[in-house]
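What follows is a single structure, written as structure tokens, with notes after it.
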Amino acid sequence: MHFFSPAKLNIFLQLLGKREDGFHEIVTRYQAVSFGDQLSLSVSSRDSFQIINDCQLEISNNSIWKSTALFRQYTGITDPVSWRVVKHIPIGSGLAGGSSNAATALFALNQMFQTGLSDEELRSLAEKVGMDTPFFFSSGSALGLGRGEKVVTLNELVVDRYILYFSNKGVLTSEAFAVVKPSDCSLSKDLEYARNDLENPVFRLRLDLKEKKRWLEDLWKGIPVYVGLTGSGATLFVRYPKALEKNSAYATQIQKIIALSGGVSTSPIQRDTPNWYPTILEA
């Protein structure tokens, strides 16, 4: 059985202040996109795991096996399984590759063994793997509240195009939050104008990302785009309405810039419950 494991963008992220437990209260917009990994699952004589395209992923202690262990504990099903993962989402890119793989694994196991677990049950298991893992059981577009674990599904799909720009080095979320200053937190509650409040903290740690954002803004100058950081990075993205591509002048210019800059083009996708995300590896 084969399943698409989509990347996730934080279209915006507002820091609303530090809580009594030491964590920051946030409001963020999650969006699943058509760029992602491919997971394959089969029953086997013994547990096995094969990773393609990325040797940095741990074989024995990754989010897929964590989900497998949780599923087995919850259902009592311990049949050996074989996982094969084709990785496209870079490790530490801020695109929630590990969280997406974990959620996809839970869904896949539920399908494979026909256990009939509800989305709510799967979401509850997903919470034990990662803060944003439950998001993937939404429609594919949602608000993240609290520390990001409270997911409010949004039904509308933003018709935008995203161009992703990866970095060779990731940013740990804990490191980004450790250097947050009170002045970084949003004063406005107007989500229409929200940006990523983690940008300045991350840029204090990574001057190269700040310079790369400036380079992208200069490169895309003359086209109505937004350039931002997703989550705590280290992926930068360019966002623009897909309608621009119907303008021949813009369309030609956009394709030239993408070819020159090495960006990866992707689009928003939705999940049609009770199915999983459509297998779209290209936008």
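Using the three backbone atoms N, Cα and C, a Cβ is placed for every residue, glycine included.
Listed in sequence order, the residues of the same chain lying 6 or more apart from Lys8 (active site) and placing their CB within less than 8 Å of its CB are Tyr30, Gln31, Ala32, Val33, Leu95, Ala96, Ser99, Ser100, Asp132, Phe135, Phe136. If you look up Swiss-Prot, you'll see Lys8 (among others) marked as active site.
The Cβ of Gly94 (ATP binding site) has Asn10, Gly170, Val171, Leu229, Thr230, Gly231, Ser232, Gly233, Ala234, Thr235 as same-chain neighbours under 8 Å, each 6 or more residues away in sequence. DSSP classifies Gly94 (ATP binding site) as coil under the three-state reduction. The ATP binding site annotation in Swiss-Prot covers Pro90, Ile91, Gly92, Ser93, Gly94, Leu95, Ala96, Gly97, Gly98, Ser99, Ser100.
Sequence annotations record features per position, and here Swiss-Prot assigns active site to Asp132 (among others) based on sequence analysis. Other C-beta atoms found within 10 angstroms of the C-beta of Asp132 (active site) number 27, with every protein chain shown included. According to DSSP, Asp132 (active site) is assigned to coil rather than to any helix or strand.
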When you measure from the Cβ of Ala96 (ATP binding site), how many other Cβ atoms are you left with inside 10 Å?
-> 28
Determine the Cβ neighbour count for Ser100 (ATP binding site): the number of other Cβ atoms within 10 Å of its Cβ.
-> 27
Excluding Pro90, Ile91, Gly92, Ser93, Gly94, Leu95, Ala96, Gly97, Gly98, Ser99, Ser100, which residues of the same chain place their Cβ within 8 Å of the centroid of the Cβ atoms of the recorded ATP site?
-> Ala7, Ile89
